[in-house]
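Colleague: Here's a structure for you.
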Amino acid sequence: MLLSNDYAMTDQLHGYLGILLSAFEEEGPRVLESFDLPGAAEYMSKCSNVVVMCGASISTSAGILDFRSPGTELYSKLEKCNLPFPEAIFQLDFFRENPKPFFVLAKELYPNKFNPTPTHYFIRLLNEKGKLLRTFTENIDSLERIANVPTEKIVEANGTFFTAHCLDCQEEYSLEQIKDTIFKDEIPYCNKCTGVIKPDIVFSNENLPKRYDECVKSDFAKCDFLIIIGTSLAVAPFCTLISHVDNNCPRLLINMEPGGHTFSYLIPFGTTLMFNSRKNRRDVFYKSTCDDGVMQLVKLLGWESDFKKLLQKEGISISSVSEKSTTSSRTNVSSTKTTTAADSTVPKHPKFTSTKKTVDATSSKSEVKDNAK
């Protein structure tokens, strides 16, 4: 998602510049003893300011599927809402005109409806081991919170369901205040001015949360190990965060496919993970489902016993972890792509025919215009 305000654009250009410059800075002695998971774990064991960047794939084993995938129950429900195209559900103009589809999705993704995955509990374990500086997530499912990762350690780049505001008067509401209305398949309206109440999810062309910018500035300069998990790093500005760490900070990507070197019109300079380059000094790609990847990492860190105790305490069967993660990687074709409000890489389906349009609030509900993103 490309942001519209001047500050956000400046910050995004700064990220791009960092990406471009980092390609010329990958000189010097190697940081890791080996460019594999054991080498990453050995280095990480000595770190105390670990930053974790999370994408949608960390939640697939919880049963959260891409709402744009044909054949799923959620897709069928949204199909009945007559969306002109998938991104419309996260566009503010369309929401003001027809908020119903968003609340259909909100009901399906309501926090506490799904259980955190082993990957979410791995982030909690990192914190309990005194190593987690912050986790930045693209997801809006709030599973980090439900896994009891401390709220102050979480940055939700695309916002949260846990708070909501009236679009007209900005009156604040909690999730619990609007829960009953959402589950009755009704639209929540403000008690003060009768405006529509919108959960604090970042919609297209809205600014990212203020805390996101604050924590990017404060955290990445301190980061001594970066874990990127469950994202192909295809969406700006989130993907540019990897360029904010120090040039000697190791970066570990756990995903089912490589990422971090995407080149597209949205990300003109690409990203800069160097694991497939002869210039590589610090980057590791570990091909795995998220849950299997963290299970291997905790073994190498010597935390396996503690992790198993934590999972058992939370009612997660260790023997089922591999089976679930393997199944999710087969059944969810888009599991390695970020599927958030910010995602612009949407497949075309018969009902959803365009990915570069936006609703014109001054026209009828069926009219659309070209988006100048």
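Any Cβ shown, glycine's included, is placed from N, Cα and C.
When I checked TrEMBL for this same protein, it listed these features:
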- CYS166, CYS169, CYS190, CYS193: Zn(2+) binding site (BINDING)
- 321-345: compositional bias 'Low complexity' (COMPBIAS)
- 30-304: domain 'Deacetylase sirtuin-type' (DOMAIN)
- 321-373: region 'Disordered' (REGION)
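Map these features onto the structure and tell me what's around them.
Modeller: A C-beta separation below 8 Å, combined with a sequence spacing of at least six in one chain, links CYS190 (Zn(2+) binding site) to CYS166, ASP168, CYS169, GLU171, TYR173, VAL196, ILE197.
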Colleague: Counting every protein chain present, what is the number of Cβ atoms, excluding its own, within 10 Å of the Cβ of CYS166 (Zn(2+) binding site)?
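Modeller: Excluding its own Cβ, the number within 10 Å is 20.
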Colleague: Near CYS193 (Zn(2+) binding site), which residues of its chain come within a Cβ-Cβ distance under 8 Å, counting only those 6 or more away in sequence?
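Modeller: Listed in sequence order, they are CYS166, ASP168, CYS169, GLU171.
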